[in-house]
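Chemist: One structure follows; several queries about it will come next.
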Amino acid sequence: MKLSVPGRTAAAAAIAVAGLLTTTAISNAAPAPDAAPATKAAAAPDISVENVKGHLADLQSVADANGGNRAHGTAGYKASIDSLKKKLDDAGFTTSVQEFTAGGETGYNLVADWPGGDEGKVVMAGAHLDSVSDGPGINDNGSGSAAILETALTVAREKYKPTKHLRFAWWGAEEIGMVGSSHYVDSLAGADRSKISAYLNFDMLSSPNAGYFVYDDDPTIEKTFKDYYADKKVDTEPDTEGDGRSDHAPFQQAGVPVGGLFSGAETTKSAEQAEKWGGKAGEAFDKCYHSACDGVSNIDGTALDRNSDAVAYAVWGLSS
Ligand code: DTR
Ligand code: ZN
Ligand code: ZN
């Protein structure tokens, strides 16, 4: 990444790269007397964690009504898709359900476009909506699904008019090998693939013994998330576990810039990590990972709150 731009300070150039201010605002040249005042990009809103928890409660109810899980190929998965689709349709999104086959069962991706913005420059946020068959999948990955859902609903509520085009996606069959997201990427025409300027992935955002991991893939996206946490005085670590392990992988393989957040799965929190993040050293970030106990009580509300706000910060910052 180019770090300096002639005629601008390095800091201003970095802000420009992150797309958070217009070029008018960062020019070193004296403004013409009749120049319009510098305009700042719309500030990202605070996402209501109560609303995010409401979406998690809805997903738990879906699991409870369907044998305790929302796995690929089950009625619980399809009911999860239907529930989200209705919320997004009611808010004014253009939704589509993409079908595919995996393991002999029909799978579904839900894609929601926010009308407007430059369709040649698409900012996408995604999360897998399927659980494993052993449990309701509330941290993995109701949390990412609910955080991007509430971000999308906030876009609608605020009547946000981004410069770029916004697209949100919920993937099926991640747990059996990222089948839904791979199908989506494979079915895009090459020209449409190159219109995606960023894919942001959110898989596990509220691990009960939370860590704050930022994917170290595209530098501009990584910096956007790190700036958010620096402002909140929350330390982050690069995600070293995630490469190839979630739905950003097919996008990355297709040459799309990717980034994302992760609060930890089956590995153990170290003493140093417990020192900076709180929680319990020597215990897994999520001891209910892929288990029946991954229900609504298996969340860290603070991590869910911070990470949901970080989703919105990146969606706004990268699309304005
Ligand atoms: N893909 C996951 C869990 C997972 C494990 N490590 C990472 C790192 C980054 C994102 C996700 C993960 C699952 O759905 O089980
Ligand atoms: Zn999983
Ligand atoms: Zn997951």
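Backbone N, Cα and C atoms are what each Cβ position is placed from, and that goes for glycine too.
Any TrEMBL annotation is an automated prediction that lacks curation.
As annotated by TrEMBL, signal peptide applies to 1-29. Here TrEMBL flags 109-314 as domain 'Peptidase M28'. Residues annotated as compositional bias 'Basic and acidic residues' in TrEMBL: 232-248. For 232-253, the entry in TrEMBL reads region 'Disordered'.
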Chemist: Over the span of the domain 'Peptidase M28' (109-314), how high is the average pLDDT in this prediction?
Modeler: 97
Chemist: I'd like the per-state residue tally for the region 'Disordered' (232-253) from DSSP, helix first, then strand, then coil.
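Modeler: The region 'Disordered' (232-253) comes out at 6 helix, 3 strand, 13 coil.
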